[in-house]
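Reviewing the structure listed below.
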Number of protein chains: 2
Amino acid sequence: MLPALHCPAVHTAESLAREISQWRADGHTIGFVPTMGALHEGHIALVLKAMEVCDRVVVSIFVNPTQFAAHEDLGTYPRTLEADSALLAAAGCHLLYAPSVEEVYPDGFATTVSVEGPAIGLESDARPHFFAGVASVVARLFGQVRPDIAVFGEKDYQQLMVVRRMVSDLALPVTVLGVETKREADGLALSSRNVYLSPAERMRAGRLNVILRDLAHALEDGEPAARALEHARILAASVFDAVDYIEVRDADRLEIVGEGPLARPARVLAAVRVGKTRLIDNVPANPARRG
Amino acid sequence: MLPALHCPAVHTAESLAREISQWRADGHTIGFVPTMGALHEGHIALVLKAMEVCDRVVVSIFVNPTQFAAHEDLGTYPRTLEADSALLAAAGCHLLYAPSVEEVYPDGFATTVSVEGPAIGLESDARPHFFAGVASVVARLFGQVRPDIAVFGEKDYQQLMVVRRMVSDLALPVTVLGVETKREADGLALSSRNVYLSPAERMRAGRLNVILRDLAHALEDGEPAARALEHARILAASVFDAVDYIEVRDADRLEIVGEGPLARPARVLAAVRVGKTRLIDNVPANPARRG
């Protein structure tokens, strides 16, 4: 058996800056994929996209405490650094940045980046401090890595829109790319939290994407949003232990859309609970398909 | 009479970016002085410092609405763009960036940068949203200008510390320089708001710096902070129409210092009211002078 590969790694902003400076001196463009580890095929798709568009790629692994609420799974969030490093090496990633909490939040750290607009509602209803945690750590990591391009998954669609908004508002010199969600055969979006699901829960979890796709198709066929949503919500309530939200939003700014047929490209987004696990997913819905 | 000079000016982020790119292509370093206009000798000292340390200097003039509270002087804040441009031209400033409110805050703008630590207390007690307004606009302007060095006055010492904290926390690629406060002969710190003072108020205003210097000397002579502060507060209350605060803080993080003699470099900071005008000032106090 061959020994597991390891991706070259740094653990401090200082070591990271040395690598980045060398790459800059060599004229390389830099891609960046921020993650919380527990990597799966969905993350690797982001890394491969970054490698496609940049000369050098940095992946960060940092389980960011400021985006977890007190009752959430910070303590038990899967941490699989050895396996993650092997996956990144196999994908050809150039550098793993795995800082400690003290490295990211040193003594005296005092800055929060908060976003309204796309961050209002949806995930924020259940997790009011989530996007401030995300935006702040992403801004700091962008400052440390200084990438040309950063890649995020559409799985966390609201997060992608929040990061785009922040980058635009702070005029940060980085291009944000979104990558389509990777799914299991039954449609379940890949997620590090899927490991929490029992076999029976796993069966039910697959229904979320089916319900969202059916909802999107109904909207694309011209059904009024209010009626299509009501149908999807009733169905979801019968399958899941709780439905945090199922909503139709404007695809770009995540503004609430009207109750009638779609007028602009939209996104259908949902969060549901299966046992103790919270699942999120989203799919596009375009009015263009009609007629 | 010679025609008044004018500083080359741009009014949009796009025009600004074109100038900046050309300078970068020519290998120039870039200095930046963000202001709200109504320029005086204090601002010009910042511009001259920037010109001393950088090849090209941009000064922004933008009266930032988000750092004014509803009852404050946004509407009447002095706007003197022609005179400002002439002063900047005389100082040799390379570019004036004077954006509109819509240019800085376009439709959909949704991001706030807030800082705790050095922003807690002092100015924040009277102006709770002030530093979030400052930090957010400075972050955006830094993103648009992308300077190597940004220069701020020590007159707004707490603001200087808040900007330093934000730059450090967001790992922004800019060095922040502070420049000593310019004063009138009687010690009054130059300020765009001094134009509001009547002749009688102007006489009283000069006492603020004298009281702060005496307080700093007492601390430097080893007097316990609590006693020296009590003396200064009684004196100030007899001179001014209100004393918002007189405080001694750690010079670096603006943490509250103990009641005894100074143990570390400190800063003495105050805000008082003379008629309808609010004055702020600060001076250093170093324990080293003792013994």
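Along the chain as shown, the residues are counted starting at 1.
Cβ atoms are placed via backbone N, Cα and C, with glycine included.
Keep in mind the model is a prediction, meaning the values are calculated, not measured.
Feature annotations, courtesy of TrEMBL:
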- A:H43: active site, proton donor (ACT_SITE)
- A:36-43, A:153-156, A:190-193: ATP binding site (BINDING)
- A:Q67, A:Q159: (R)-pantoate binding site (BINDING)
- A:Q67: beta-alanine binding site (BINDING)
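Sequence features, as recorded in TrEMBL, placed on the structure.
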residue : record                    : Cβ within 10 Å
A:M36   : ATP binding site          : 18
A:A38   : ATP binding site          : 20
A:H40   : ATP binding site          : 16
A:G42   : ATP binding site          : 20
A:H43   : active site, proton donor : 27
A:G153  : ATP binding site          : 23
A:K155  : ATP binding site          : 22
A:Q159  : (R)-pantoate binding site : 23
A:L190  : ATP binding site          : 17
A:S192  : ATP binding site          : 19
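Checking the recorded positions (A:H40, A:G42, A:H43, A:G153, A:L190) against A:Q159 ((R)-pantoate binding site) with a 10 Å Cα-Cα cut-off leaves A:G153. In this structure, the CA atom of A:K155 (ATP binding site) is 10 Å away from the CA atom of the residue listed as 'active site, proton donor'.
Between A:H40 (ATP binding site) and A:Q67 ((R)-pantoate binding site), the C-alpha separation comes to 21 Å.
Across the structure, A:G42 (ATP binding site) and A:Q67 ((R)-pantoate binding site) place their CA atoms 20 angstrom apart. Its own atom aside, the Cβ of A:Q67 ((R)-pantoate binding site) has 21 Cβ atoms within 10 angstroms in the protein chains shown.
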